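Student: Mind looking over this structure? Questions follow.
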Amino acid sequence: MSTQILATSFKNDNIHKIVRPTTNYHPSIWGDRFLHYDIPKEELNYKQGQVEELKEVVRKEIFGEFLCDDWSNRLKLIDVVQRLGLSYHFESEIQNELQHIYNKISINDSNFEHETLHDASIRFRLLRQHGYRVSLDIFDKFKDENGNFKECLASDTVGLLSLYEASHLSCVGENLLDEALSFTTKHLTEFLENNKKEHPNDDPLSKEISRALERPLRKTLVNLHARYFISIYEKDASHNKVLLQLAKLDFNLLQSMHKKELSEISRWWKELDSAHNFPFARNRIVELYIWILGVYYEPQYSFARNILVKIIALSSIADDIYDSYGIFEEHKLLIEAIDRWDKNCMDKLHPEYLQKYYKILLQSFEEFEQEFEKEETYKVYYGKETFKRLLRGYFEEARWLNEGYMPSLEEHLKVSLVTSGYFMLMACSLVGMKSNNIVTKQVFEWLSKDPKIVRASASVCRYMDDVAGHKNEQERNHIPSTIECYMKQYGVSEEEACDEMNRRVVIAWKEINEEFLKPTEAASPILVRALNLARVMDLLYKNGDNYTQVGKVTKDSVAVLLIDPIP
């Protein structure tokens, strides 16, 4: 809801009354709930010891030599391990298994000539996920003489569900997988409609299909899906008891660790006194933690998460300064100070909220630098430069609004892909990563050229954000969105423009998939950050802006990941 408020501005020692357009964002719905949490070190060590013991049992049982020739069962077990959120424990074992299977294809594809649709789809999906260029020929046996998928497959519901999931690993130009998506979506939807009449309380398969149609595996946060899948796997009579026990212990252990992280970040946020210093800004530190937990949930990235949550919180305040509170003269003062990045600029910043923001920003990055050895401070430098670039983008958009300028879509995207924040978040996600020399200066230089996978992830963010927020933005004076630019440039309706943005999201996902196929420009742990950033958008913006207006999706995600342990 838009309102007008009075504010004061300082210029030439004169006080002027200013009418600000601003948006009334609802306060944090969590209060101080996550402010205090601790887990005794003895308890933490005990739980970690349990996990380590079970890992060794699983390593022998699941990845033992006795499974070496049972490729179908091996793939299904790998799939289960991934769905349970445990793959980060067994990365080398999974990679070795998949390499072995891929080599078998290269030597003699007839090894797989009798596989079912379910098996073929799992094989395709898992190999593609791990960067192997698997041919679409794998699905030829399931097509009729006219090149269409055989109608008899409509009765193979499990196979259809697997093919549906596999179709989301498509790249640009792979029409067969587009056909597979349409074919499976049609028949899975029909299955749900027919099954409702026979099983009104929903059977497990129907629940799994409903969830997949809403959020396919490729677009799902790993840790969020793990909680859901644990409850499904537990009801499977053939489940591996040790694997299930490990999944439960690991999930609860991670949840405890994440709650401790959030309590520390919440105290940092409270010390900033954001609600008082920046009352116009969205108070969403819990939601931002969920955002970054989607980027990486694994325990080895705790340090990186701490840095990235603070950076995204600072960028969210800046977004609200430029988008919904500050006036253009203030925007200019702030960006000039940001470009100089010098404490001596402080006295030139008025009103006081700009000084406070600038001081917090500079202090935060100084504190980040202090966490690194001298030879690694370059990481913070690159993060700082991408943050500056983000705010320059905010300023350019503010200039459009101030001048009443409507850019072309192409001109808009040169700026708005930057202001999506994803170029900045991608670079800053690597600042705190400690991954065996994977993150180097060369990687940051590669990122500075806006590689295709990062542009694609930023595109998912930009288009989904604009579609989700378009209607609410009409209630106030606002920066033109991609939707409005497209409508004006091509003379189309709002609905047609939204359809085009959604179509571009589909293409961006295909580009992300393509960039994972070997040989890749960067190591997998780096590429996964771009993928996960896109996944967060699918969670929070698929059905409206669940960050600005915290809705059921966000509340449920917080409850699952940070409140409710697995019994």
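Easy rule for this one: first residue shown is 1, then count along the chain.
In case you wondered, yes, glycine gets a Cβ from its N, Cα and C as well.
Fair warning: this is a prediction, and the values are worked out from it, not measured in the lab.
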Student: According to Swiss-Prot, which of these ranges is motif 'DDXXD motif': 279-283, 319-323, 389-393?
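Tutor: It is 319-323 that Swiss-Prot describes as motif 'DDXXD motif'.
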Student: Test of understanding: give the count of other CB atoms lying within 10 angstroms of the CB of Glu473 (Mg(2+) 3 binding site).
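Tutor: So the Cβ neighbour count for Glu473 (Mg(2+) 3 binding site) comes to 20.
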Student: Could you tell me what the rest of the chain brings near the motif 'DDXXD motif' (319-323), counting residues at least six beyond its ends with Cβ under 8 Å?
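Tutor: Same-chain residues near the motif 'DDXXD motif' (319-323) but 6 or more away: 25, 278, 280-282, 330-331, 334, 353-354, 357, 391, 394-395, 397-398, 419, 421, 478-479.
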Student: May I ask you to report the DSSP-based helix, strand or coil state of Arg282 ((2E,6E)-farnesyl diphosphate binding site)?
Tutor: coil
Student: Just how many other Cβ atoms lie inside 10 Å of the Cβ on Asp465 ((2E,6E)-farnesyl diphosphate binding site)?
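Tutor: For Asp465 ((2E,6E)-farnesyl diphosphate binding site), the count of other Cβ atoms within 10 Å is 23.
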Student: Can you check which residues sit near Asp319 ((2E,6E)-farnesyl diphosphate binding site), meaning Cβ under 8 Å from its Cβ, same chain, 6 or more apart in sequence, and list them in order?
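Tutor: Asp319 ((2E,6E)-farnesyl diphosphate binding site) has long-range Cβ partners Tyr394, Thr419, Gly421.
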Student: Which residue counts does DSSP yield for the motif 'DDXXD motif' (319-323) in the helix, strand and coil classes, in that order?
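Tutor: The breakdown for the motif 'DDXXD motif' (319-323) reads 5 helix, 0 strand, 0 coil.
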